[in-house]
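Here the structure is laid out as structure tokens; the discussion comes afterwards.
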Amino acid sequence: MLRYAVVRGGLGLLAVRRTYLISRFAHSAPQSEYRPIKKVMVANRGEIAIRVFRACTELGIRTVAVYSEQDTGQMHRQKADEAYLIGKGLPPVAAYLHIPDIIKVAKDNNVDAIHPGYGFLSERSDFAQACADAGVMFIGPSPETVRKMGDKVEARSLAVSAGVPVVPGTDSPISSLQEAQVFSQTYGFPIIFKAAFGGGGRGMRVVREYEELEENYQRAYSEALTAFGNGALFVEKFIEKPRHIEVQILGDKYGNVIHLYERDCSIQRRHQKVVEIAPAFQLDPHLRNRLHADAVNLARQVGYENAGTVEFLVDKHGKHYFIEVNSRLQVEHTVTEEITDVDLVHAQLHVCEGRSLPELNLKQDKIRVNGCAIQCRVTTEDPARGFQPDTGRIEVFRSGEGMGIRLDSASAFQGAIISPHYDSLLVKVIASGKDLQTASSKMSRALAEFRVRGVKTNIPFLQNVLSNHQFLHSTVDTQFIDENQELFNLKPTQNRAQKLLHYLGHVMVNGPTTPIPVKAKPSSIDPVIPPVTMGDPPVGFRDILLHDGPEGFAKAVRAHQGLLLMDTTFRDAHQSLLATRVRTHDLKKISPFVSHNFSNLFSLENWGGATFDVAMRFLSECPWKRLQELRALIPNVPFQMLLRGANAVGYTNYPDNAVFKFCEVAKENGMDIFRVFDSLNYVPNMLLGMEAAGAAGGVVEAAISYTGDVSDPMRQKYSLDYYLKLADELVKAGTHILCIKDMAGLLKPEASKLLVGALRDRFPNVPIHVHTHDTAGAGVAAMLACAEAGADVVDVAVDSMAGMTSQPSMGAIVACAKGTKLDTGIALEKVFDYSEYWEVARGLYAPFDCTATMKSGNADVYENEIPGGQYTNLHFQVQDLTYLLTLVCPPLSQVTPSSKIVGDLAQFMVQNNLTRAEVEERADELSFPLSVVEFLQGYIGIPHGGFPEPFRSKVLKSLNRIEGRPGASLPPMDFKALEEGIRAAHGEEITPEDVMSAAMYPKVFQEFKEFTANFGPVDCLSTRLFLDGPKIAEEFEVELERGKTLHIKALALGDLNKAGQREVFFELNGQLRSVLVKDTVAMKEMKFHPKAQKSIKGQVGAPMPGKVLEVKVEVGSKVEKGQPLCVLSAMKMETVVNSPVAGTVKAVHVTTESSLEGDDLILEIEE
């Protein structure tokens, strides 16, 4: 503590050393010129301010920072010994351009010298003069030299006088657009505008055509005015594809000038340097000498003192042209320091004090190049969106370090706020090595170590540059980025840990992301996985399928002795009992056990039907990934899926090629058996699905949707003869297996014997498979009756997932068949172990469990004929189910999508208190649910017996009617265009499976991709955490992948802030992390600017955060595609927002000076 107090008081060890140095140099420097510096102010911000502060501290000089109101939280003010506010009430940039405030702070606090950094006032001669007038030293050239060099026209004239070649250009700054037009007519295009009083790419615009001249002149003028306080421009001929080489010079007050070699700054975008190299790679030695000589001669001619840079363009013929002198320290000075071992800021300070270069041991013959250095400017910009600046809060920051790496930064720390007001530079990374390849390797390694979360960065782009063959082994020019579009093939960062924290925080603040029907909480107990033997699983029926094909598989099934079972636990059981909510996470855990102990199952139903869209819609996981992962874990048991005929896995009709493609992709991903059905038993729809499944190489299992009661002679609409005729058509069409799909559990034992017996007699060689539900409680008896009558396969669910609206009990069937001709060959004790796992797992889904409203099965299903899954859902949605069912007499076989139609109509009647008679009487005036209307139009096919009249005509009135198969008239789906569209929306990491998801469910897939973009893959979370989030102080582990486990602890929830957010705190792998989460309830009461919806072309959103400078259209304006709509300013760059479509401006949501966040709605265009 004592040492700290002494240092802050100015009497520390560095100050003692400083006193010694002053004494020593006082004898060698001219006494009249020497003025020791004891306190330095940096009239700048960010990393350059900190760079100067560090140099001052090393020399024992006290430091002073200045900061704007927007920079109160910036690091540079904390790094200085003193810090003072400037520009109160002024805009962010204007604060650092306010000379009176800066001079006042310097005078009030006894500042000896001011370092201008780069940008802002660094090349303003009036600032240098103001310093001199105030008796404060300016760490840079004299005001007159700054004026000459800052005026690029005069600098050109001086270069000509010194014999340095220059690019053709105007002799003085232009003052009007007309002068630019005259110049372009004289020299032709392309031309380039440049700010006369600053650099760094601000106010610089290339113009290639006359039509672009006026817009680019206005933008360049405005940028220059904003950045440098003076909009003066000059114009010159634009040299195509040059190298940009600059020479570092250093002069003193005694006429000594040296160079510190050159830097290659050719890798640029928007005329701003991205990567700099010293020395220039593969530069001709003679050209190198000429560049050095011209730079030194020009500096001597103007009496240049302090540090500066002379910039040149080198064309493809090796000719060089002077472009400008930057009379300040450059951003890329670091690479020169690394190769020459000269501290340029130290040198600047010493020269300002009056020391000569020889005194500092800086002589030309002693300056040597040692190896190579590369600087990468890591910025908060998104290369995928044209390098648009990104803003926000840095949630995670971890830098790359190690041998040969130097970091110069200011805002690079966790919790830093990146604002739109200033430059987007985050950190400068400098790598040194013996040659370019070595330095590049170190740089690549360091960039790979960086972890920046919360804002986008250009790191993926920089990594592509560093691995580019041309960059590593040849020369590059200023068109390098434009001509190498592969640099924009960016490898997306995974950011899995932080995204998971965002998800957990969202659930903690806003509750579950999936709708919860009841208030029950998920169980806190995770299921125990029963032990699994080591080694490969036993041979199963899938091995027969793979060896003998679908026909051989069907023969093997028919020839099998005993009853075969299909386990529905992985799909229809949880669809019926748990609203289809079981996650892949819990299915994967038990899969190895199933593979090893149930290898003699006919199949495992685990995919298709409602599970496909629910996976994306409510579980936020990819259904294809589920199929892939389960296939890898269960290689020996055939998988079966539910295919809704021409509806595939959707609720609508698709073009024929979409159904064929879907089956093809499903088969490639591991699907084996396709159970094809149609809710209306409409054969044309079924035949399409059967053809698609067969063409994909799958086993075709045509399913007859069963309703009614074939054993009741009074119910003859769906008679035995009806089912036999339907089966005739399906067998004739080539089905491998014939299925009875009893979705409501209506098959009674007597009806089972009649139907299955008749089918067995008619088709002795075709395997018969029966599916039912146990809603009435007679499922086990019915399935045993089916087996006795000749069925080969029946559906069951493991005991703890069986009964009620699910399938009959696996354990009951196994036990009843044991020791008989129907023996399943399944060990009952393994069923118990299997059931125990699901009994506990089921508790995780308590909020969705049908037992929340249903306590038992109910024989009323024989009257209402509601399918199992829908029976459960209606219990959640309509409590008085008995009342509901008295209103509707279902005329259809109820299975998706017909069950949805009946359910929608039933709920419509309940909500509007309508009787069946009233519905029929008022059909022409009621607004029926869309599903009902589309059914009557014929969108899902033609029901047995036709449509009800006059009910249909009353509802439809003049609406069109579809005759025949609905999908037959649809044009083929353009998969190439679909893929291009989703790649444009979601990036290049798109798979054929993604394309099929988008084809089946465009909106659901879009929302799923948006979810994963925000929260990443959440399937690694346990089910309780996924549904309910962690409790405060709870510790848990999340395995991202094998060998990568996160240790997480939930710490606290913060209060609501002005933006409607709460900060949620975690400990991740021992480090504090926090995320900001929008409180959706609170935000409803707060007003926010609307966001543009990306799916609506006419909604134009802000491409980046910023301020509106100009709105070029108004409501009612006619606009063409590509027409400028408005101008935004962010990070001192101006961006023109162009119209994405042609049309009429419907609404304008911004005005001049509006401050916008990314994607804020600017205006709406009606095509």
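A Cβ is built for glycine as well, from the same backbone N, Cα and C atoms used for every other residue.
Now, the feature entries from TrEMBL:
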type	residues	note
ACT_SITE	Arg328	active site
BINDING	Lys152, Glu236, His271	ATP binding site
BINDING	Asp572, Lys741, His771, His773	Mn(2+) binding site
BINDING	Arg644, Thr896	substrate binding site
DOMAIN	36-486	domain 'Biotin carboxylation'
DOMAIN	156-353	domain 'ATP-grasp'
DOMAIN	563-832	domain 'Pyruvate carboxyltransferase'
DOMAIN	1097-1166	domain 'Lipoyl-binding'
MOD_RES	Lys741	N6-carboxylysine
MOD_RES	Lys1132	N6-biotinyllysine
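Feature annotations (TrEMBL) mapped to structure.
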residue : record              : contacts (Cβ under 8 Å, 6+ apart)
Lys152  : ATP binding site    : Lys194, Ala196, Phe234, Glu324
Glu236  : ATP binding site    : Val167, Pro168, Gly169, Thr170, Ile191, Ile192, Lys194
His271  : ATP binding site    : Gly201, Met204, Val206
Arg328  : active site         : Pro116, Gly117, Tyr118, Ser122, Glu123, Gly140, Ala307, Gly308
His771  : Mn(2+) binding site : Met566, Thr568, Asp572, Arg675, Ala703, Cys739, Ile740, Lys741, Asp742, Met743, Val794, Asp795, Gln807
If you average pLDDT over the domain 'Biotin carboxylation' (36-486), what do you get? 93
Packing count at His773 (Mn(2+) binding site) (other Cβ atoms within 10 Å of its Cβ): 31
So around the ATP site, Lys152, Glu236, His271 aside, which residues have their CB within 8 A of the centroid of those CB atoms? Gly169, Ile192, Phe193, Lys194, Ala195, Met204, Phe234, Ile323, Glu324
Neighbouring CB atoms within 10 angstroms of the CB of Lys741 (Mn(2+) binding site), all protein chains considered, total 25
Counting every protein chain present, what is the number of Cβ atoms, excluding its own, within 10 Å of the Cβ of Arg644 (substrate binding site)? 27
Cα of Arg644 (substrate binding site) to Cα of His773 (Mn(2+) binding site): how many Å, rounded? 18
Taking DSSP helix as H, G and I and strand as E and B, the domain 'Lipoyl-binding' (1097-1166) has 0 helix, 39 strand, 31 coil
